[in-house]
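Chemist: The structure under discussion is supplied below as structure tokens; questions concerning it will follow.
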Amino acid sequence: MMSRSEFAKSKRVVIKIGSALLTEGGKGLNQTAISVWVKQIAELKQQGIEVILVSSGSVAEGMSRLGLKTRPKALHELQAAASVGQMGLVRAFEGNFQLHGLHAAQVLLTHDDLSNRKRYLNARSTLLTLLNYNVVPVINENDAVATEEIRFGDNDTLGALVANLVEADLLIILTDQLGLFDSDPGINPGATLISKISANDSSIGEMAGESRSGLGRGGMATKVSAARLASRSGASTIIASGDVEHVITKVMAGEEIGTYLYANIAPLVARKRWLAGQLQVKGRLVLDAGAANVLKKSGKSLLAVGIKAVEGSFSRGELVVCLDLTGVEVARGLVNYKSTEIDLIKGYASRQFESILGYSDEEEVIHRDNLVLV
Ligand SMILES: Nc1ncnc2c1ncn2[C@@H]1O[C@H](COP(=O)(O)OP(=O)(O)O)[C@@H](O)[C@H]1O
Ligand SMILES: N[C@@H](CCC(=O)OP(=O)(O)O)C(=O)O
């Protein structure tokens, strides 16, 4: 585990800024705050630290520009608002980075761009090339085209996936709270700030609640699950308030601000990291106790003999979750057979596939290289 005092030695940092902060509670972009964060980022760049920004705010800024009082419900209205607002974001970041002699680059992603392995690797190359050119990539979800099926849903998840993609040392999530409290401080004024906790501690899920701002999405719940996701590539996460003076500088100097969600698991190899970041689950396999145990303890491939039930309709190569008999997820992975085939071969040994299906591809329903434990 990296101690806070080691943050200054980071090579690469992803900084995510939430909507509520960027848009002053919906009153348009907070230009002063943006200039202050950019100045701190420019200082990090001076120290040789690479920075990637994940900036929300397109919908909120678009709402403000279009005079919409509440966040639109219809997808096409949201997309229109995001397209208008993104112009404001780009303008603000470009102008401010230029003041420090830095170029910014706009990168808009959908989940589709990262779920396809080839496009994932392309996105990685582009980002690494931008960093090589000393440019600050400014990333947002491509809201103008993202439909329900291809969206990340919130920028905390996007920030974590970007941290995985570029193997960042640290993910800094700036929000409108001082950090993660043991319960939502907006509801419980007596809530206590958590200073440090493992990103994989099972108790944090219960502490973190939803967003109530009407501007942001996901609240603390998506921030703690982003921290867990980031930890899979070894990145630790800080959740801190973007309103604290010199917040980025202070975090990087190791000051005890915000919540430090440290990564304390062995980083997954690159392919499994990509796999762990897949969000679109197409079906479920219910495993018997033996198979669930083997997966959990030894990370071996999943064989048909240990499958009790198949739920959902999916094709070969798609992502499914593996549940134990109590319904708890133990792993997820890419299947070698489609759902109707698995329904036929479940409970049988691999050597019987030929007589049941008329052919036999792989021995495993999910090969261990395509399986990540949860
Ligand atoms: N345990 C918690 N600690 C702190 N904030 C919490 C907690 N649970 C829920 N929240 C809510 O999460 C909000 C921050 O999330 P969100 O509105 O999505 O912000 P952002 O736009 O920065 O992503 C806070 O304003 C707060 O109301
Ligand atoms: N892509 C959206 C991000 C929405 C979102 O996740 O917002 P937040 O919870 O403030 O990070 C936008 O720019 O409005």
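Just so you know, glycine gets a Cβ as well, placed from its N, Cα and C.
Automatic, uncurated: that is what TrEMBL annotation is.
Owing to the predicted nature of the structure, the values given are computational and were not obtained by experimental measurement.
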Chemist: For the ATP site that TrEMBL lists with Thr175, Asp176, give the additional residue from the candidates Lys11, Lys16, Lys27, Lys338.
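Modeler: Answer per TrEMBL: Lys16.
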Chemist: Is any of the binding-site residues Lys16, Thr175, Asp176 within 10 Å of Asn155 (substrate binding site) (Cα-Cα), and if so, which, in sequence order?
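Modeler: Cα filter at 10 Å returns Lys16.
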Chemist: Just to verify a number: CA distance, Asp176 (ATP binding site) to Ser56 (substrate binding site), in angstrom, no decimals.
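Modeler: Between the Cα atoms of Asp176 (ATP binding site) and Ser56 (substrate binding site), the distance comes to 13 Å.
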Chemist: Which entry in the list of binding-site residues, Ser56, Asn155, has its Cβ near the fewest other Cβ atoms, using 10 Å as the limit?
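Modeler: With the binding-site residues Ser56, Asn155, fewest surrounding Cβ atoms within 10 Å: Asn155.
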Chemist: Please classify the secondary structure at Asp176 (ATP binding site) using three-state DSSP.
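Modeler: Coil, per DSSP.
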Chemist: Using C-alpha atoms only, work out the spacing between Asp143 (substrate binding site) and Lys16 (ATP binding site) and round it to an integer in Å.
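Modeler: Distance (Cα to Cα, whole Å): 16 Å.
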Chemist: Take the Cβ of Asp143 (substrate binding site) and count every other Cβ within 10 Å, whichever protein chain it belongs to.
Modeler: 22
Chemist: Whole-number answer please: how many Å between the C-alpha atoms of Lys16 (ATP binding site) and Ser56 (substrate binding site)?
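Modeler: Rounded to the nearest whole number, the Cα-Cα distance is 8 Å.
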